[in-house]
Each structure stands twice: as C-alpha cells, then as structure tokens.
C-alpha cells in the first residue's frame with residue numbers, strides 16, 4: 001500500500017470514529033459522553049479534524065449545558081459534603097439537583113432552592129440572594145421562626161397547656177422566688193437558648209441575673225419504659241404564615257432514651273433525666289426489641305404497641321402533640337407576620353423544625369423545645385438514616401422541591417390561566433358553598449365569605465387556595481395541623497377564608513380532614 005493510500009485510510013478511519021461518536025452522543029447526551037467526545041478531538045492529529053475542534057466543542061456545549069435545577073446547600077460550621085448536611089445534600093442529588101456549596105457561592109449564583117442551616121435572612125450573601133429572588137425560588141426558613149425555636153420565647157409564651165411553668169430571667173426573678181417559696185417541693189432547671197448544661201438546681205444555686213435564660217419546672221413523674229425516661233421528636237414544617245399552614249410528618253417520630261436508668265433518682269446525674277447527644281436508641285431497649293428489631297415496626301408503632309399492651313391509650317399522646325404544635329404557631333403568628341411584613345419576601349418559603357416532647361405517667365404531654373434545622377445526620381446512629389431520608393422526601397414533595405414533572409414544565413403550567421393549569425384547575429378550588437349556590441353573593445360585597453365564590457374570587461385568594469390544593473396533592477405522609485378556631489378566632493381574613501374552604505373540602509373528601 002502506498003503512502004497516499006495509507007493517509008487516505010487514516011482520514012477515513014478518523015471520520016468514521018467522529019460519526020460513531022456523534023451518533024452515540026445523540027442517543028445518550030451525557031456530560032460523560034462530552035468528555036469522551038472532546039478526548040477524541042484532542043488526541044487526533046488529523047488536519048481534517050483539528051480546524052473544527054473549537055467550533056464543534058462550543059456548539060456542543062451550548063446545546064448540552066447543565067440544565068439541572070440548582071440547590072444552595074450550606075452550613076456555617078461544617079462542610080455540606082459531610083456530617084450534618086450529608087443526607088440533605090444526597091437527597092437533592094437524588095432528585096436531580098446540582099449542588100452549590102458555600103465556597104462556590106456568589107451574588108451572581110443562579111439558584112432554585114436555598115437550604116441553609118442557619119437563619120438566612122440576616123446573613124450575607126444569603127440575605128441579598130433572597131431579597132433578589134423570584135416567586136419560583138424556594139427558601140428553607142420563614143421570617144420570625146425564632147419566636148418558636150427560641151427556648152426562652154417558647155417556654156415563656158403562656159400557652160394554655162403543654163409547656164411546664166417557666167419564668168424568664170432576670171425580668172421575672174421576683175415572681176419565680178415567690179412561686180418557689182409557695183411550692184417548696186417543685187424541682188427546677190435553668191435553661192438558655194443553647195439548651196446546654198441543663199441540671200436540676202435549687203433557686204439558691206442558680207444565677208437568677210443571667211440574661212436570655214429562664215427557669216422551668218421539672219416534670220418529675222415522667223413515663224418510663226424499662227426504667228428509662230424518653231422524649232418524642234416530631235418533624236414539623238410551616239409552609240405559609242398568611243394564612244397559617246403547618247404540617248407534621250405523620251409517617252414516624254424520633255424516640256430517644258436517656259443513657260441511664262431514672263431510678264434510683266439522682267439530681268446530680270443528668271444522664272438519668274436529660275436526653276443528650278449520646279442517648280440510648282430504641283433498638284437497645286429490651287421491652288421494645290421484639291417490636292422494633294424483630295417485627296420491624298416504626299418508632300411510633302413500637303411505642304403504640306408496647307404502651308397498648310400496658311393498657312394505655314396512646315391516641316391521647318398524639319392528639320395532645322398536634323394540639324400543642326397548633327397552639328404554638330397560632331399564638332406566635334402575629335409576631336411572625338410582623339417579620340414577614342418587614343422582609344417583603346418574593347420567594348416561596350418553608351421551615352423544618354423538630355418539636356421535642358416528654359410524657360408523664362398520666363399521659364400528659366409537655367413540649368420541651370423546638371429545634372430549628374434539626375440534626376438529620378445518621379453519623380452517630382446509622383439506623384436513623386431511613387427516617388431522615390423519609391422526612392426529607394416528604395418535605396421535598398410537600399414544598400415543591402421535587403415534583404413529578406420537570407421544573408420547566410412546572411413553571412410553564414403555573415404561567416397558564418387557572419382554567420388551563422393541569423396541576424390545579426379553577427374547578428379544583430371552586431366549591432359548592434351554600435352561600436354561592438343560593439345566590440347570596442350576587443354582589444361580591446355582601447360578605448367576606450363571598451370571595452370564595454368563583455365569580456368573586458380575587459387573585460390573591462385564588463393563589464392561596466391553589467397553593468393549598470397543590471400541597472394536599474403532594475403531601476405524602478405529611479399531616480396538616482388543625483388550629484383551634486372554635487375557641488379562638490382566626491387572626492386574619494385569609495385564615496378565616498382558608499378555614500371555611502378547608503372545612504368544605506373535608507365534607508366533600510375526608511382526605512382533606
């Protein structure tokens with residue numbers, strides 16, 4: 001074979017490789033293929049290919065740019081790649097997001113979801129990014145969440161029940177001393193917002209001048225299992241402040257036991273009565289092993305089964321928990337709305353927290369604290385991973401972080417008129433309310449409730465009902481909290497209208513109840 005024939009064969013072979021490679025990319029279209037494709041160009045010494053290298057690559061890149069939605073996943077004290085944020089990061093990746101960490105973040109970052117461990121409205125660059133955000137973006141904090149996650153605020157919020165009596169210091173020092181003198185048998189613990197160094201003390205041994213702290217009555221008759229005190233963690237999500245919408249994860253709960261036996265009691269040994277980081281997990285409690293380990297029950301079902309066998313009705317516990325959570329948000333709504341008004345937010349917002357409860361031997365429930373950005377790391381107890389992942393999957397669905405359709409389609413459908421949106425149609429939210437059907441709202445000014453009639457509904461009311469409908473469709477195992485509006489009037493007109501609408505929805509379909 002001559003030299004000319006040899007060069008011709010090499011050119012034909014190179015072109016063949018290019019054609020095969022382009023066809024392969026057309027079928028697959030991944031960034032891995034792009035790297036393969038680029039390597040072919042770089043390795044080729046053929047003059048036939050080299051002059052198109054730059055142009056071809058640029059055209060390919062423009063057509064195959066990374067169009068994944070972007071999630072900012074950050075925590076100030078540790079990397080988002082490990083530890084506390086690991087499962088959160090993984091869940092975003094599982095649902096198709098590109099992750100941006102704090103080191104990669106700038107004011108020019110394009111993003112869809114912001115999940116920051118700390119309160120993001122007061123920290124830069126998060127504060128500016130949120131200020132410039134659009135309604136299609138999602139932030140994992142709500143304005144004013146400190147009014148219920150602050151230990152001091154929560155303990156001294158004067159709830160009607162469910163929180164042990166507490167006195168804020170130093171402002172209520174004299175009231176505390178007066179109460180303690182009249183009730184000498186009461187045990188007390190002093191706490192602050194760090195929730196650290198909790199220990200039973202007499203008022204004489206406390207620093208009653210300490211700012212941002214409080215003294216709280218100790219629940220001295222806790223319900224025990226195998227002589228161990230335990231707490232119950234409820235994962236809670238608020239999705240709206242105006243009107244107020246709050247959900248709890250109803251699929252399971254977190255149960256944690258104290259490291260040491262409660263009796264014989266010793267106030268100097270906090271491991272007997274404080275659930276700390278090194279708690280005893282449920283699968284090590286002898287009386288619960290047959291339910292949790294052998295029968296593979298959930299945390300909640302394990303507790304229900306054991307206490308049920310002891311003749312206890314655990315439905316009382318879960319009802320009290322829902323009522324207490326509802327009262328916390330209802331009583332703090334005014335303060336939170338003031339924060340919302342000051343911030344003037346455009347993006348969607350939600351907040352995950354974990355409410356921790358203890359139960360006494362009479363099945364009375366007491367709220368201990370509400371944790372902002374609760375720990376979802378299974379680094380200490382690997383068995384908790386499935387619970388944390390289920391919580392995240394449910395939250396992602398409820399809040400619209402993950403959807404059954406692409407982000408582009410979601411935005412497209414939402415841009416349509418209400419009559420043309422398959423996600424939530426006007427016929428999904430217009431209900432056969434009696435005052436609408438009986439023509440009592442021919443004039444839309446007859447009563448505020450007339451805004452729920454299809455011909456009277458304004459844009460803002462429609463938006464609220466559409467959001468509520470979509471949440472209910474996507475909530476999976478999240479359960480909406482019912483607020484006590486029988487004994488307390490709804491705070492705002494929006495709350496009143498939503499309550500009336502939800503009541504009618506419940507009558508038509510019990511999945512709304």
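Start at 1 and count along the chain as shown; that gives each residue its number.
Just so it is clear, glycine is given a Cβ too, placed from its N, Cα and C backbone atoms.
Here Swiss-Prot flags 73-411 as domain 'TTL'.
In the three-state DSSP scheme, residue 219 (ATP binding site) is classed as coil. All chains included, 19 other C-beta atoms sit within 10 angstroms of the C-beta of residue 219 (ATP binding site). What Swiss-Prot lists as ATP binding site is 216, 217, 218, 219, 229, 231, and the listing cites similarity to another entry.
Same-chain residues at least 6 positions away in sequence with a Cβ under 8 Å from that of residue 229 (ATP binding site) are, in sequence order, 222, 223, 257, 258, 262, 272, 273, 275, 358. Counted within 10 Å of its Cβ, the other Cβ atoms near residue 231 (ATP binding site) come to 21, all protein chains included. Under the three-state DSSP scheme, residue 231 (ATP binding site) falls in the strand class. Spanning the listed ATP site, residues 216, 217, 218, 219, 229, 231 have a farthest Cα to Cα distance of 18 Å. All protein chains shown were included, and the count of other CB atoms within 10 Å of the CB of residue 218 (ATP binding site) stands at 17.
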